[in-house]
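A short write-up of the structure that comes next.
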Amino acid sequence: MANSSPVYDWFQERLEIQDIADDVTSKYVPPHVNIFYCLGGITLVCFLIQFATGFAMTFYYKPTVTEAYSSVSYLMTDVSFGWLIRSVHRWSASMMVLMLILHVFRVYLTGGFKRPRELTWITGVVMAVITVAFGVTGYSLPWDQVGYWAVKIVSGVPAAIPVIGDFMVELLRGGESVGQSTLTRFYSLHTFVMPWLLAVFMLMHFLMIRKQGISGPL
């Protein structure tokens, strides 16, 4: 590369970054691709916004049944731009779910789930389930009346499953009733387990798309 900087040359010598850049920028895009094929990318952007704003809120949120609600109130009223951070988190969560639904419809209607892209579709379905679980666990974290009763209802649903139902309810709640253990588990799921799971499946999803390319028109 003519007139390259010493820094660029240093990285190029060790990592061959120009080959990587050429591969990324020269990928063929089929002529039938339109704006509706951007819905998956928009969903990713929403997730990144969720990650950034959620990380910011962890500095102030206290995952205890006695302090959760007051810590959220403090974030909204006393922390500089705290109301904006939480509002963006909520808005982007709603937008992420909407974009995900539209993305699934687009893929289904254009046949993007067919051979040889079955695994890409399966990873997408798994990510959709994780996204719904994100919503359920996040909804409970303020630990207000709405959050408490939502947790009580949702965590009680597995009780209808034969044999293992009661065990699953106790596993979700951390005991026989909804309380501190429940909030701790939902907080851990929402801020650690699910983000990592979603990131892993996203990586698999993108690598398969990268390998197989965008599906053709109907």
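Just so you know, glycine gets a Cβ as well, placed from its N, Cα and C.
If you look up Swiss-Prot, you'll see C38 marked as heme c binding site, on the strength of sequence analysis. What Swiss-Prot records for H89, H190 is heme b 2 binding site, and it gives sequence analysis as the kind of evidence. Swiss-Prot lists H103, H205 with the feature heme b 1 binding site. Swiss-Prot lists 35-55, 93-113, 119-139, 189-209 with the feature transmembrane segment, giving sequence analysis as the kind of evidence.
A C-beta separation below 8 Å, combined with a sequence spacing of at least six in one chain, links H190 (heme b 2 binding site) to F134, T137, G138, L141. Calculated from their C-alpha atoms, the gap between H89 (heme b 2 binding site) and H205 (heme b 1 binding site) amounts to 24 Å.
Taking only the Cα positions, the spacing between H103 (heme b 1 binding site) and C38 (heme c binding site) is 8 angstrom. Beyond the ends of the transmembrane segment (35-55), by six or more residues, the same chain brings 85-86, 88-89, 92-93, 95-96, 99-100, 102-103, 106, 134, 191, 195, 198, 202, 214 to within a C-beta distance below 8 angstroms of the stretch. Beyond the transmembrane segment (119-139), the same-chain residues lying 6 or more positions past its ends with a Cβ under 8 Å from any Cβ of the stretch are 50, 93, 96-97, 100, 103-104, 107, 112-113, 146-147, 150, 154, 186-187, 189-190, 194, 197-198, 201-202, 204-205, 208-209, 212. Here C38 (heme c binding site) is positioned 15 angstrom away from H205 (heme b 1 binding site), judged by their C-alpha atoms. On its own chain, the residue listed as 'heme c binding site' has no residue at least 6 apart in sequence with a Cβ closer than 8 Å to its own Cβ. When other Cβ atoms within 10 Å of the Cβ of H205 (heme b 1 binding site) are tallied across all protein chains shown, the result is 21.
In terms of local Cβ density within 10 Å, H103 ranks first among the binding-site residues H89, H103.
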